[in-house]
Every structure is written in C-alpha cells, then in structure tokens.
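Asker: Encoded as structure tokens, here's the structure I'll be asking about.
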Amino acid sequence: MAGDTTTTVGATPVVSEYTQALAKRVIRKIDGRVLLIMFVTYNLNFMDKTILSSASVFGLTEDNHLVGTQYSWVSSIFYFGYLLYEYPTTILIQRLPISKYLTVVTFCWGAVVAVTAACSSFGGLATCRFLLGVAEATISPAFVYITSMWYTRDEIPSRTGVWFAGNSCGGFLASLLAYGIGQIEKPLHPWQWMFIIFGVATSVQSFVIFFFLPDTINDAKFLNEEEKQYAEDRVVLGGTGKTDPINSEWKMDQVLECFMDPKTYFFAAISVLTQIPNGGTGSFGNLALKSFGFSSLESTLVTLPASVIAMSTILGTGWLAGRFRNITTFLIIAVVIPPVVGSAIIFSVKGKGVRLFAYYCLQTGPGALPLTLGLVSSNYKGVTKKMTVTAVLFLTYCAGNIAGPQTFKSAEKARGYPTAFKAILICYGLVFLVSLSLRVYLTLVNRSRDKQEGIASLESPAANDKKELTAEDYEDVTDLKTLGFRYRM
C-alpha cells in the first residue's frame, strides 16, 4: 500500500511500527462513530426508563387510577422484565450480528414507550413497563461487549464513562423536556405526550444503529483495510482479546470458571448495593422533591443540577480511571461518600433548602456503576466468561432496582421517606467496604501470580518487547489461563 509505513512478518502486522498518526486517526474514527452512537442511545435508554418519575407528577398516577403501593410496583416491574431477559440476551449478543440485533431491540423498545401513552389502568401500565424492561435488557450488556470489542484496557474506563454518562445527560434532557411538555394540556395530557415523543425518538435512533454501527471491526466501512487491521491488533495486544460475535462459541467451561471466580461476587455485591438507591431515587426522585416542599414544575427543574453533577462525576472519574490504571476501587469509594452524608442529612434534618443540597449529594453515587463496568471489562478475558459476568452484573442490577422503589413507603410521604434514605445510607456504606475488600483481594491475586509465574506482567516494559502477534494471541482464553495477565484495581 502506497505510503504505508507498516512492516509485516508473514501475514501478521508488526504492531509496534504503526505510526502515531495512524493510531490517533483510528481511535478518532472509532470514537466519532461507535462511541457517539452508544452515547446517544444510552441517553434515550435512560430517558425512556425514568420518564415515569416526571410523568408521575403530571397526572399519570391519577389517570391510571394508581392507589397504595401500585406506583412502586409499576416502577419495580420494569426490572422483572429486565431480569427475565437478561441472561438469554447475553447469549444472543454473542451469537447474533450485534448491530442488527440492537436495531430490532431499540425499535421495539421505542414502540413500547410510545404505546404507554394509551394506558389507563394499573394493569396496562404494568404490562408496558414489563415489556420495556425486556426490550431494554439488551442495551447495557451489549454496550459493555462493544466497548471491549473496540477499545484497549487503558481506554475502556473512560469510554464506558462517556456512554454511561448518557444516563445523566438523558436525565438532564428528560427534565428539561418534561418541563416544556408539562405545560401542554390538549388534546392529550402532558404525561402522554412525554411517552409519545420519547418513544418516537427512540424508534428513529434504531435506524441510525442499523445504518451506521458495524457488527465487527472487519465490517467497519469508515475504516480502510490498514486501519481495520490496526484496530483489531490493538485490542488483542492492549485489550482483553479479540471479540468476534459471529464466530465465538459459547463455552460452558468459561461459564463455570466465572462462577468459581471470587471477584465475580465482589462485582455482584457492588452492583446490587448501588442499584437499590438508584432504583428508588430513579422512580421516586420527583415525588421525594415534592415531599420536600417543591411544586410539580419546580421538582422537574431542580433535578437539572442533579443530572449535571452525576454526568460530571461519571465523566471525571472515568477519565481518571483510564489515566491511572489502579485507582478505580478508590474512585468507587470516593463517589459513594457524598451520598452517605447526603442521605443522613435528608432523614435527620428538616428544611427545604438543606434537603435539596443533600439530595444533590446523592448524585455522585451513580458514578460507581460505570466504574465497576469498566473494571469488569478490563479484568475478564474469554468471550463467554465476560458475557456471563456481565449477565450476573445486570441480574443483580435488576434485583437492586426492584428492591429500591419498595423502600419508598407511601405512608412516609409527608415525612420525606425516611426509611428510603436510611436504606441509601446503609447500601452506599457497604459499597465502601466491599470496594476496599475487592482491592485487597486483587492485590493479593496479582502478587500470587507474580510469584507463581516468575515473569513480568503483560503490561511490563519486558512484555513490550514482543513485536509479532501469533495465532495464540487471537485465541478465546480466559484471564485465569493467560500467562502474564494482571488485574486492574
């Protein structure tokens, strides 16, 4: 190829001789296409999932005749659908063309959101929310999979932070749009317009995914042949191995290894403990703010700074985790400390302004999950093992989000839901302890592997002397069976 500075040994490119310009060009193209699509889609994912909270203060509960704990169950039932489909979808993600599969899933989820506007009873609303959970169950594990397909271990934390920041950005946009839509009263009620507008926008996004998101690196039309080869080799050398969604085989031995790996249970614990608070505030955030003394429109507006805080936390900690390899567990600890303080203030102190400040303190908490996802992506090798732990992570995610709304007791509305905020304090306090324990465990495992193998890790200067990729580098092997693999913390 004219102008190509790359040399080869046989059919294998010598990755170390690719120019710096090529490296920058490839990552810029991947970010501009793959990462942007994930970010926009995750915005819609969060908006469609949490619009229930905004809709609840604009007539949804009255028009659907919800009484007692029915609203709590409408919030929770979404995650029963999510839970039901989570493991099957992780298998399908590996076996089907990822872009085509996401296209179908996204279109169906948008349709379900739009149809929710027609609901007029608890049964209809619960059915739509259950189906929405089924439809959205694919998005997060698919994005974890795609991130590990395209990015290296150093890049995964920051890129995970970017697409996951779509949660907070989506929350900001949803609150802003809900404020405007909330003033439309005819011919439909405001909450109905919210579901219709957001549902149609999501269905349109499914066509963007179909036409612009490639199934594999080799299918990426926005890269030339040289760039494709470099993109593939860089994740073999600096990532967690080649990921091929078409040719990968589901391996039961990797499933068993995942469940025998102690770090799986640390990650599962962090997932469930962070999502109990998330499930509660995600569905009851606006209602909690109303209980502090804000009106319906005011409760929508005062959530805007909350979204900015959450988004800034996710992006900032994601960048730090990518910049400094072994500080992620410390960052998880750092982001859960403000919610512990904030929740303590809310259930122990009166006053509208003080409680609002404390509510803002809770908004750093969502930064723990993307940090955890980045750590999982960096610390697991083997396609089946990675998809299995992803399934475990999101099954516990569902369990936490199912339990969360139940901590908000309708009888405590006038008192500002003290039980819920006590639960938030306990959960985030336990995340602190689990994260610290995980760090100690990974440190001991790395030291043990250093001693047993008697070699430097794959990331040491000595390992960088490797000039040529071999067929073994492309094999689907797990982290436990990869010589020189060391865990990020």
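Backbone N, Cα and C define each Cβ position, glycine as well.
According to TrEMBL:
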type	residues	note
DOMAIN	34-447	domain 'Major facilitator superfamily (MFS) profile'
TRANSMEM	70-89	transmembrane segment
TRANSMEM	101-124	transmembrane segment
TRANSMEM	130-150	transmembrane segment
TRANSMEM	162-181	transmembrane segment
TRANSMEM	193-213	transmembrane segment
TRANSMEM	300-321	transmembrane segment
TRANSMEM	327-349	transmembrane segment
TRANSMEM	356-376	transmembrane segment
TRANSMEM	388-408	transmembrane segment
TRANSMEM	420-442	transmembrane segment
Asker: Using a Cβ distance cut-off of under 8 Å, indicate which of 70-89, 101-124, 193-213, 300-321, 388-408 has the most pairs with the transmembrane segment (327-349).
Answerer: 300-321
Asker: Give residue numbers and ranges for long-range contacts of the transmembrane segment (162-181): same chain, 6 or more residues beyond its ends, CB-CB under 8 A.
Answerer: 35, 38-47, 50-51, 54-55, 58, 143, 147, 190, 193-194, 197-198, 297, 300-301, 303-304, 306-311, 314-315, 318, 366, 369-370, 373
Asker: Please give the sequence-distant neighbours of the transmembrane segment (130-150): residues at least 6 beyond its ends with Cβ less than 8 Å from one of its Cβ atoms.
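Answerer: For the transmembrane segment (130-150), the nonlocal Cβ contacts are 30, 34, 38, 41-42, 45, 48-49, 77-86, 89-90, 92-94, 98, 101-102, 105-106, 108-109, 112-113, 116, 156, 159-160, 163, 216-217, 231, 235, 239-240, 243, 245, 373, 376-377, 386-387, 390-391, 394, 397-398.
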Asker: If you average pLDDT over the domain 'Major facilitator superfamily (MFS) profile' (34-447), what do you get?
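Answerer: Across the domain 'Major facilitator superfamily (MFS) profile' (34-447), the average pLDDT comes out at 85.
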